[in-house]
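Colleague: Okay, handing you the structure first.
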Amino acid sequence: MAKEPVRVLVSGAAGQIGYALVPMIARGVMLGADQPVILHMLDIPPAAEALNGVKMELVDAAFPLLKGVVATTDVVEACTGVNIAVMVGGFPRKEGMERKDVMSKNVSIYKSQASALEQHAAPNCKVLVVANPANTNALILKEFAPSIPAKNITCLTRLDHNRALGQISEKLNVQVSDVKNVIIWGNHSSTQYPDVNHATVKTPSAEKPVCELVKDDAWLNGEFITTVQQRGAAIIKARKLSSALSAASAACDHIRDWVLGTPEGTWVSMGVYSDGSYNAPAGVIYSFPVTCRNGEWTIVQGLVIDEFSRKKLDLTGAELTKEKELAYSCLS
Amino acid sequence: MAKEPVRVLVTGAAGQIGYALVPMIARGVMLGSDQPIILHMLDIEPATEALNGVKMELVDAAFPLLIDVVATTDAMVACKGVNIAVMVGGFPRKEGMERKDVMSKNVSIYKAQASALEKQAAPDCKVLVVANPANTNALILKEFAPSIPEKNITCLTRLDHNRALGQLSERLKIHVGQVKNVIIWGNHSSTQYPDVNHATVTPTNSEEKPVRSVVADDNWLNTEFITTVQQRGAAIIKARKLSSALSAASAACDHIRDWVLGTPKGTWVSMGVYSDGSYGIQSGIIYSFPVTCDKGQWSIAQGLKIDDFSREKMDATAKELVEEKTLAYSCLN
């Protein structure tokens, strides 16, 4: 008996990330090869023709799992009945814009999207915010959609998490699937802290700590961190466009693990509403190590945080608190 | 016990179709979710930095199935040991270019790539040409890689095939998975013939029926349906201001997957293949036929009745392919 279709919303669907993401969703990468989907795609009126072009291509691809496509510039229509919402749409920073201007534009967008989601999404809708500033956009969304459980509103740090895995796999010349349990702490920004203190590599004999195999703390505490933090800029430099492929793939991983569960012994990184664990500021969206089961995430507790890490966790936490203040000042 | 990795080459990998295609390959859409992959990506010198950017993103995506990535501007390195080659790279038509100029540039490219593939690819390498003019590029590749079995050289008409299925599904307001056995005959160009005479639809809780009787509008099927499918590429460009990357990449995956893993029972697909004279189509050109696939081999579905209307269209597209072949050969002299 085939499963009932799940409605997945992608906002900003006419853009680069959307174009990479929708075929992944339609092929079952996000929810499994046996889960039919109905795609809701939202973008702004200037993008209406391009959005329709994407819809046409989705029809042209004859995807077996894709049971319907709603392409619209109407946020109410877009949000109606959605079970999963991937918020890719946002106002990009343009040359000459101040941080406050970018924040201000995005705060308005996420305030109104919050309202539409709250009123029209299916109960227990899971939300993933991708558009930057991801953590603060997610926070605004949470604040203005009070009837959506706070635990259902997350932001994407899985891209940074996957980038960290990739860097370790390249350094050690091992398969990326043999590396696990890195952590991305904090903000999806250049203050993020990629932490390998608890990461391991599967070797023929046993699982070994990354630190032990890399044998280069200077690299792990220096270049490794900055490479992961600045990877987005490196991609832009090479491609002249920002990371769409890897961001879309990470969004699928984030949702899939959240909905279908993380493998035994493995955690992932998600930006979630902080409960003050690890002395991170409460009341911001902060990236933590989490395991997922039965559609719920749980912060991995009890990990030892050394002094070096403590400083970095606090730094990114402080930035998130400042962003929250800036966001609220834009609303007043 | 994990399978041995398969080496898949994508040429023109730094471009739009390549960017859509490589994550699909890396997720197992092309060869199955249990088949590890080594990706070979080739592009031209001016695209080196962009190509490296794509490689970086593939690393950043931490794909479990992706064992390695070779990103290069050297065709000999790119072709080494490849089991599957998807030729997306080609010279696009620019404003003011004559048809002969486009043909001339692509003929040179495909002659050179043929040579590299023949020398370096793994035995029994399966080749899919996507870059336009797809059929003739594939023919040139075949002619200049004589040790690659001609049955291993194909071109993409699966995009048109899928588009035809999509148009019927929209017309019938039914899921595309319930429509099958359209045929794309001939050239991947505006002379292609999307034929529904043998296509069927299986409505929910009902038995399989001919598309013609369920649509009940022969006029639409013989006119607007055909021109919509033929001109769909242009419609996408008009809407997106860019050509179809997402759907072309997806169709390339479908083409290879069905070729390698087999078509479902009772279903055929469309592939541009080296004509053996079936259906009165001259041999010596790459022509799209209905095929079934089994054990890594395609076979033309034989014995289908061809009415007069279809005959005319099938011959027209063959005629264009013969003209393209003549033009291509004239460029070589």
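Every residue, even glycine, has its Cβ placed from backbone N, Cα and C.
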Colleague: Figure out which of B:N106, B:N152 sits with B:G12, B:A13, B:A14, B:G15, B:Q16, B:I17, B:G18, B:D43, B:V130, B:A131, B:N132 in the NAD(+) site per TrEMBL.
Modeller: B:N106
Colleague: So which of the recorded positions B:G18, B:R93, B:N106, B:R163, B:H188 end up next to chain A, with Cβ to Cβ under 8 Å?
Modeller: B:R163
Colleague: With DSSP assignments reduced to helix, strand and coil, which class does B:N106 (NAD(+) binding site) get?
Modeller: helix
Colleague: Which one is closest to B:G12 (NAD(+) binding site) in space, judged by CA to CA distance, out of the recorded positions B:N132, B:R163, B:H188?
Modeller: B:N132
Colleague: Which has the fewest other CB atoms in a 10 Å radius around its CB: B:R93, B:R99, B:R163, B:H188, the listed recorded positions?
Modeller: B:R99
Colleague: Using only C-alpha positions, which one of B:G18, B:R99, B:A131, B:R163 is spatially nearest B:H188 (active site, proton acceptor)? These are the binding-site residues in the record.
Modeller: B:A131
Colleague: Compare the C-alpha of B:Q16 (NAD(+) binding site) with the C-alpha of each of the binding-site residues B:R99, B:N132, B:R163, and give the closest one.
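Modeller: For B:Q16 (NAD(+) binding site), the closest Cα among B:R99, B:N132, B:R163 is found at B:N132.
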Colleague: Distance between B:A131 (NAD(+) binding site) and B:R93 (substrate binding site) at the Cα atoms, whole Å?
Modeller: 11
Colleague: Using a Cβ cut-off under 8 Å and a sequence separation of 6 or more, which residues in the same chain sit near B:N132 (substrate binding site)?
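Modeller: The list for B:N132 (substrate binding site) reads B:G90, B:N106, B:H188, B:S189, given in order along the sequence.
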